[in-house]
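**Q** Can you read through this structure? Questions will come right after.
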Amino acid sequence: MVWENQTFNSIFILLGIFNHSPTHTFLFSLVLGIFSLALMENISMVLLIYIEKQLHTPMYFLLSQLSLMDLMLICTTLPKMIFSYLSGKKSISLAGCGTQIFFYVSLLGAECFLLAVMAYDRYVAICHPLQYTILMNPKLCVFMTVASWTLGSLDGIIVLAAVLSFSYCSSLEIHHFFCDVAALLPLSCTETSAFERLLVICCVVMLIFPVSVIILSYSHVLRAVIHMGSGESRRKAFTTCSSHLSVVGLYYGAAMFMYMRPASKHTPDQDKMVSAFYTILTPMLNPLIYSLRNKEVFRALQKVLKKRKLI
């Protein structure tokens, strides 16, 4: 079969997002700094939640999974881009491209479902506080997390199988800084309309369904917050929920703009900018949004630093 040979023989060229002009060199240095900061933030968040017993709650367990997904996402896309820019070697095999696509799509899907689970967690905590330990028991929490990872991986497998089944007979230059499906489709000489319809279905499942759960959850949360008698309780609930909604808005807004548009509306430069937003900036911003506005995380961090005599 054609694709079996291409898996090992096809070599693509990732054109990247930067050239070597002074302005682009500065921007590359900025991205490198953001990458380093995102690595440090997300690793710290995962370790902090694992180490500190006061953070061993469903909300923080889910937050640790979000940080782990962000960590894996940024490590899927950026190291190759950084290596290509520094070495000048922009080639990538179809197998390497497929690996990027699988992890990228899987992590995007898993994060979509996880954000919906996090919204449900806030709904239970605020609307049914007395039943929280029952409705969000450890077994259910782990089950929903595993389901998020599994559904994301299934989506990655479906997309990967389709991408490897295509034959590529036009220019093998990918106008992107990583192997994104939208950038790879124009290079195929195989009819892709059926796959594009499948991609729309996957986007509906991964984006529209979780967003519906989030909107429904927060409509109940907003109603409950408005009727809270204590100003302090209202402020704490609003702070926690606004952090989550900020992450949801950043992530889903960029993802929907990227994948829910008609193919005719896509342009390489625009796609690269939007992809950079949720594969580079969002993994860096998420830990900041949660940690800077969360006193429990801040206190836990201070406690860990004091234990190690760093402050």
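Residue 1 is the first one shown; counting continues down the chain.
Note: Cβ is positioned from N, Cα and C throughout, glycine not excepted.
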**Q** Are Gln54 and Asn294 on one side of the membrane according to Swiss-Prot?
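**A** Membrane side for Gln54 and Asn294, as annotated in Swiss-Prot: identical.
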**Q** These are the disulfide-bonded residues: Cys97, Cys189. Which one scores highest on other Cβ atoms within 10 Å?
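**A** That would be Cys97, with the most Cβ atoms nearby.
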**Q** Would the transmembrane segment (196-219) count as touching the transmembrane segment (101-120), i.e. at least 3 C-beta pairs under 8 angstroms with sequence separation of 6+?
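**A** In this chain the transmembrane segment (101-120) contacts the transmembrane segment (196-219) - 3 or more Cβ pairs sit under 8 Å.
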**Q** What parts of the chain pack near the topological domain 'Cytoplasmic' (50-57), using Cβ distances under 8 Å and only residues at least 6 beyond its ends?
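**A** For the topological domain 'Cytoplasmic' (50-57), the far contacts come to 64, 296-297, 299-300, 303-304.
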**Q** Are there residues at least 6 beyond the ends of the transmembrane segment (196-219) whose Cβ is under 8 Å from a Cβ of it, and what are they?
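**A** That would be 108-109, 112-113, 115-116, 119-120, 122-123, 152, 155, 158-159, 162, 181, 185, 241, 245, 248, 252, 255-256, 259-260, 263.
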**Q** In the topological domain 'Extracellular' (80-100), how many residues does DSSP call helix, how many strand, and how many coil?
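**A** Summed over the topological domain 'Extracellular' (80-100), the classes give 15 helix, 3 strand, 3 coil.
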